[in-house]
Amino acid sequence: MSPVPTNAATELLTAIKDVGTDPARGGYSRHGFDTAELELREWFTAEAGKRGLDVEVDRNGNIWAWWGAPGPDALVTGSHLDSVPGGGAFDGPLGVVSSLAAVDLLQAKGFKPGRPLALMVFAEEEGGRFGVPCLGSRLLTGATPADVALNLKDPSGNTFAEAVKAAGLDPSRIGKDAEALSRIGRFVELHVEQGRGLIDMDAPIGVATSILAHGRWRFRFTGEGNHAGATPMGARRDPMLPASQLILSARWAASSVDGARATVGRLVPTPGGTNVIASSVDVWLDARAPNDGRTRSVVERITAAAKQAARDEGCELTVTEESYGDTVHFDAALREEVVAALGTAPALPTGAGHDAGILAAHVPTAMLFVRNPTGVSHAPEEHAEPDDCEAGVEALAKVLEKLAAE
Ligand SMILES: [Zn+2]
């Protein structure tokens, strides 16, 4: 009888269910190098050790757990352990626990990799703390320069440099790590689906074709802070007005471009008092579309509307692009190999960004999605049924077995 439990992924997720819970928002708030994420990283390190894997942390805080000697042309799988604020239990951790459970399955059947094989945990994938998504893989690949990353600040004012130092890393060694990257021959990430594609296809597992072009922009409207009661309506320069116009124009602009999405999920007025006209407002725009041109067009329309609204209210506007990634088309040959290993699996695109999307510019990359019966992600309602999680583990094990055989 196999020593591997049939619901291994679910059992591993249960082991971390109390780490980083967020009573105020619901779900989990686990952010890069915060207490919860550091605890999860320790947990992963211990689990990898139990399986005889050799764990190392690279210069940018990404964890590598090697089955056998590290080396070039490795087959690498993994995901992340951090979450958005108030996120679900599966986005990230499902890929990590599935990689551990897949190793269990392969070890139980006596499989020995014929090439270097590693499990990875990427740092700060969601950008929930420092604002830039996929920061660990962006630093590894050089997509985000070290000096930009080190000066990023979390909502408490701590810099990324301070956070990595507190986590035991050397800030002076943060940045593009060609040597570490060169070890990855092919990369496969398993992830809970963040949409309804597999529900509609009535399939537990799917294979990714592409990721929408996507980016984040910060709009700062500056007006004049003043008293909510003593300032006549005609004498105001209230930055909340153009900020609200930006939110409305995001809906309008994205709705008029095929396949586009635009979202304002975060708005911070300063000083943020009920009886105070704000002096400034920061608004973050997340915009995505099937290609670069459409994404840029949506953001240009929103920016034009925001500029006009700022002028109308006598406010200043500065716009900062915080991150951007063009459309990712996953490697077709690798996808065919993955599908062949599974026998059959439907292919589907996704609107969500992933470390696999960052790595895809450098190495052949594939993704497996596990059905999410709620269709909801980045929220506590995100879910995957235990049977589907196990189908994911078995699928990942088949893929690793095939791709790491020689
Ligand atoms: Zn994720």
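Using N, Cα and C of the backbone, Cβ positions are placed for all residues, glycine too.
Together with His80, His191, the Zn(2+) 1 site in TrEMBL holds one more listed residue from Asp91, Asp200, Asp202, which is Asp91. Residues Asp91, His378 are recorded by TrEMBL as Zn(2+) 2 binders, and the candidate that the same record lists for that site, out of Glu56, Glu126, Glu337, is Glu126. Between the candidate binding-site residues, His80, His191, Arg216, Arg288, His378, the densest Cβ environment within 10 Å is the one around His80. Among the binding-site residues Glu126, Arg216, Asn275, Arg288, His378, the ones whose Cα sits within 10 Å of the Cα of His80 (Zn(2+) 1 binding site) are Glu126.
Asp91 (Zn(2+) 1 binding site): 29 other CB atoms within 10 A of its CB, across all protein chains. Spatially, by CA atoms, the binding-site residues Asn275, Arg288, His378 include one closest to His191 (Zn(2+) 1 binding site), and that is His378.
Between the farthest pair of Cα atoms in the allantoate binding residues (Arg216, Asn275, Arg288), the distance is 36 Å. Considering only the binding-site residues Glu126, Arg216, His378, the residue whose Cα is spatially closest to the Cα of Asp91 (Zn(2+) 1 binding site) is His378. Other residues of the chain with a Cβ within 8 Å of the Cβ centroid of Asp91, Glu126, His378, the Zn(2+) 2 site, are Ser83, Val84, Gly87, Gly88, Gly92, Glu125, Gly128, Gln194, Ala352, Ser377, Glu382.
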